[in-house]
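Listed features, source Swiss-Prot:
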DOMAIN    3-120  domain 'MTTase N-terminal'
BINDING   Cys12, Cys49, Cys83  [4Fe-4S] cluster 1 binding site
DOMAIN    143-375  domain 'Radical SAM core'
BINDING   Cys157, Cys161, Cys164  [4Fe-4S] cluster 2 binding site
DOMAIN    378-442  domain 'TRAM'
Amino acid sequence: MAKKLYIETHGCQMNEYDSSRMVDLLGEHQALEVTARAEDADVILLNTCSIRERAQDRVYSQLGRWRELKLANPDMVIAVGGCVASQEGAAIRDRAPYVDVVFGPQTLHRLPEMIDVARITKLPQVDVSFPEIEKFDHLPEPRIDGPSAYVSVMEGCSKYCTFCVVPYTRGEEVSRPFDDVIAEIIHLAENGVREVTLLGQNVNGYRGQTHDGRMADLAELIRVVAAIDGIERIRYTTSHPLEFSDSLIQAHAEVPELVKHLHLPVQSGSDRILAAMKRNHTALEYKSKLRKLRAAVPGICISSDFIVGFPGETEKDFQQTMKLIEDVGFDFSYSFVYSQRPGTPAADLADETPEAVKKERLNALQHRLNQQGFEISRQMVGSTQRILVTDYSKKDPGELQGRTENNRIVNFRCDNPTLIGQFADVYIDSAQPHSLRGSLLQ
């Protein structure tokens, strides 16, 4: 009987990508098959995220629930990876001594070896280093799971925003070689993938070396990906406004495969707070780039990230953020109350704003963002949208669902499952709070 792997993933798309590569690795090297139940597993993996507050508590709480499984089956291997593992390192075993393997985002390629050594020696294995040899050099070809795929094009971040742990947990920016990325996407396309999302913590800072020694930027990468037979839709995330270049704007205007949707985090509309965050741009500079983009690509949707209650944020600062939201007109966006991350510069800043005030501001901001996002959905009613059909509807097996260019789920009645993995034209009948309803056009 094949041995089983259970994997739980917290956090961002990069973690989802990393988890998929862990499955590929362990499937190839140890013939592990994924199971949906931790109690059936021979190996349990927890891929962690440290962006939000209480991330460590969430990790130890989950590990505590698996303690009884380990006691019942001492041969089971429990491994913890991701950004909390990178931050905590061997300290994870101080609170959860039954954990066998601790590895960081840059050492996941060593996972099969670490599991083998832990099994043989019965000794814990910990490696949260940032090796110079890229993990991508040691990964097998990616497993295909549907018509959409994530492709990591770079790792880490060198911006060192004062609130962010990424440079400390994933290291400095390292771009994958250009030809390696293209080879991976060709493999995906040959196996039925129609949409790729190019991933990086600062993806528009991509600078990949080509076979002839040149450095190619993200715009050039997008143009070459668009020329790959079978790839019909391209996304990328997450971007930094500083490196949102004219060449990228030109790519948005000229590459039809690149979706009319951009996620460009701004965090705040206050120049004072942006400076304290070390974002190195102003609200006006952010808006100027979006005006140029919208002039080149009319109708493009913009989503963003916002942090409310950053240390020292005044009511005036918050109102400047609300004004930015009005000026830009965002699609559905992500927003959070600031959470202190140990080891970051912002963790040492005085924070005198009451939590109740922060929550009140967050509610007001989210309410307005949701209004703006729903208005975009409402304006889509009566239009025909080309969607990539991805699966059966979550609520009705008699329906299929897919995504629009601006990343909205569309549910529509259809009794032809062969449409899954294909593009289809759907007439939008109505807008729901978090999805659209449509009718398939023949």
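In case you wondered, yes, glycine gets a Cβ from its N, Cα and C as well.
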Open item on the list: Looking at the domain 'TRAM' (378-442) alone, can you tell me the average pLDDT?
Closed with: 95
- [ ] Measure from the Cβ of Cys12 ([4Fe-4S] cluster 1 binding site) and count the other Cβ atoms within 10 Å, all protein chains considered.
- [x] 18
- [ ] Quick one: pull the CA-CA distance for Cys12 ([4Fe-4S] cluster 1 binding site) versus Cys161 ([4Fe-4S] cluster 2 binding site), whole Å only.
- [x] 18
TODO: Over the span of the domain 'MTTase N-terminal' (3-120), count residues by DSSP class, listing helix, strand and coil in order.
DONE: 69 helix, 22 strand, 27 coil
TODO: Could you tell me which three-state DSSP class Cys161 ([4Fe-4S] cluster 2 binding site) falls into?
DONE: coil
- [ ] Pull the DSSP breakdown for the domain 'TRAM' (378-442) and write it out as helix, strand, coil residue counts.
- [x] 6 helix, 33 strand, 26 coil
TODO: Taking the Cβ of Cys83 ([4Fe-4S] cluster 1 binding site) as the centre, count every other Cβ atom within 10 Å, in any protein chain shown.
DONE: 26
Task: Sorted by sequence, non-Cys157, Cys161, Cys164 residues with Cβ within 8 Å of centre, [4Fe-4S] cluster 2 - done: Lys159, Tyr160, Phe163, Val165, Val166, Pro167, Gln201, Asn202
Task: Cβ packing number for Cys49 ([4Fe-4S] cluster 1 binding site), 10 Å threshold - done: 19
Task: Candidate nearest Cys49 ([4Fe-4S] cluster 1 binding site) in space, where candidates are the binding-site residues Cys157, Cys161, Cys164 and distance is Cα-Cα - done: Cys164
TODO: Give the sequence-ordered list of residues that share a chain with Cys161 ([4Fe-4S] cluster 2 binding site), lie 6 or more positions from it, and have CB atoms under 8 Å from its CB.
DONE: Gln267, Met277, Lys278, Arg279
Task: Euclidean distance between Cα atoms of Cys83 ([4Fe-4S] cluster 1 binding site) and Cys157 ([4Fe-4S] cluster 2 binding site), Å - done: 13
